[in-house]
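Trainee: Quick one: this structure, given as structure tokens, is what I'll be asking you about.
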Amino acid sequence: MTATASPSDTKGAAAPRISFVSLGCPKALVDSERILTHLRAEGYELSRRHDGADVVIVNTCGFLDSAKAESLAAIGEAMAENGRVIVTGCMGAQPEEIREKYPNLLAVTGPQAYESVVAAVHEAVPPAHDPFLDLIPPQGVKLTPRHYAYLKISEGCNNRCTFCIIPSLRGDLVSRPAGDVLREAEKLVKAGVKELLVVSQDTSAYGIDTRYATSPWQDREVRARFYDLASELGELGAWVRLHYVYPYPHVDEVIPLMAEGKILPYLDMPLQHASPSVLKRMRRPGNQEKQLDRIRRWREICPDLAIRSTFIVGFPGETDAEFEELLDWIREARLERVGCFEYEPVRGATANDLGLLVPPEVKAERKRRFMEAQSHVSLRLQRAKVGKRLSVIIDEAGPTGARGRSKADAPEIDGSVHVTSRRPVRPGDIVTVKIERADAYDLHGIAV
């Protein structure tokens, strides 16, 4: 995900101007929003152009080497167009790699280093004397469209997957108090947000680090626990979508909330593979037969459940037989939304010590076969929706039609619903659409 801050409508001649680039995942986007909210409260304005800013901030991604390359390219562009650049984010946890290429950066800070970023901005271009708190909407500065927002509930991760370096970049799990999360969510909904996308590194581990500590919310105490938070969010009147859910046993508890309509019947659960031996090398839960049984039970409880997952092909040592296990599993699981990535070595990941690298051409062929198998599954599931009426949230609207998403579709990573409507619709509207046509990823219908 890449986001660039938009300028405000305020034209203070003396106000310092910031250009901002946000790279990486939705969790990083929330970090960017937090930094921008702080700076806007101090009177800084936002510039669309690097060359029109007093300083440029680049929030980097350092998860994969390809993401690092994108981050370095963005830094280079900012240096070329402006020259006064502050770097933050996951790649900032390895400053020597950045400084080696760009030694003249103003500052390099790691992830979640909000105060350090703000301090670096202050040093580069001091804020105006008087704060402009009236410039800040109650929900803070957001880089998403007005009708949806990411809600980060924790930082860090306690898992030690061998392909991942997130714990070394962002640390162990640190959960936010439930009351704080709910107050932020309430502000967002009051400001017009129709969809809350709950994110973290490990959403279903929420509260484990605090032993499910309680905190005040309205007139009662609420536990920092996955189920409790999901239930309370479901009372706010917005769509609630759960992302990055690790398949712990207690995930079963939220499925009835989906069946009752309190939260969306959508579960983003990165499973990574299906072969027990590959999962063991990944240090991931290894009983995918049991996982199939769980998915069947979930669908019995909530027939409309849409499961999104991501998988890695070409993990070190992956054999033809292990890959065939994965293909067999996805055909049987019939997941609604699936992504696939070729394994990419990450500097510092313990998977690098496994050896037995899969050749690039084999990884590419396995990804092709995987996506081909999943496309047949997806097409069957999509065609089953033809003739049905679905609730669709509108993302974009034009004179002849609109594009939106069903409850089974998250922004940017899933498909779309293309809507024909006789009456005007606007982004954020939730309309009923009769589905007339389907392909493997998108639906087409008419507003009724």
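Cβ coordinates are placed from backbone N, Cα and C, and glycine is handled just like the others.
According to Swiss-Prot, the protein carries these features:
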{"type": "DOMAIN", "residues": "16-126", "note": "domain 'MTTase N-terminal'"}
{"type": "BINDING", "residues": "Cys25, Cys61, Cys90", "note": "[4Fe-4S] cluster 1 binding site"}
{"type": "DOMAIN", "residues": "143-380", "note": "domain 'Radical SAM core'"}
{"type": "BINDING", "residues": "Cys157, Cys161, Cys164", "note": "[4Fe-4S] cluster 2 binding site"}
{"type": "DOMAIN", "residues": "383-448", "note": "domain 'TRAM'"}
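Locate each feature and note its surroundings.
Mentor: Listed in sequence order, the residues of the same chain lying 6 or more apart from Cys61 ([4Fe-4S] cluster 1 binding site) and placing their CB within less than 8 Å of its CB are Leu23, Gly24, Cys25, Ala28, Ala67, Lys68, Glu70, Ser71, Gly89, Cys90, Met91.
A simple way to gauge crowding: the CB of Cys164 ([4Fe-4S] cluster 2 binding site) has 21 other CB atoms within 10 angstroms, across all the protein chains here.
Across the range of the domain 'TRAM' (383-448), the DSSP-based residue counts are 1 helix, 32 strand, 33 coil.
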Trainee: Let's see if you can do this one: DSSP helix, strand and coil counts over the domain 'MTTase N-terminal' (16-126), in that order.
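Mentor: Secondary-structure breakdown of the domain 'MTTase N-terminal' (16-126): 58 helix, 22 strand, 31 coil.
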Trainee: Sequence gap of 6 or more, Cβ distance under 8 Å: name the residues on the same chain that satisfy this around Cys157 ([4Fe-4S] cluster 2 binding site), in order along the sequence.
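Mentor: Counting only residues 6 or more apart in sequence, the Cβ neighbours of Cys157 ([4Fe-4S] cluster 2 binding site) under 8 Å are Cys164, Ile166, Pro167, Arg170, Asp172, Leu173, Gln201, Asp202, Ala205.
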Trainee: What is the one among the binding-site residues Cys25, Cys90 whose Cβ has the most other Cβ atoms less than or equal to 10 Å away?
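Mentor: Neighbour-count leader: Cys90.
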Trainee: Which residues does Cys161 ([4Fe-4S] cluster 2 binding site) neighbour through Cβ under 8 Å, counting only same-chain ones at least six apart?
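Mentor: Same-chain residues close to Cys161 ([4Fe-4S] cluster 2 binding site) (Cβ under 8 Å, separated by 6 or more) are Gln272, Met282, Arg283, Arg284.
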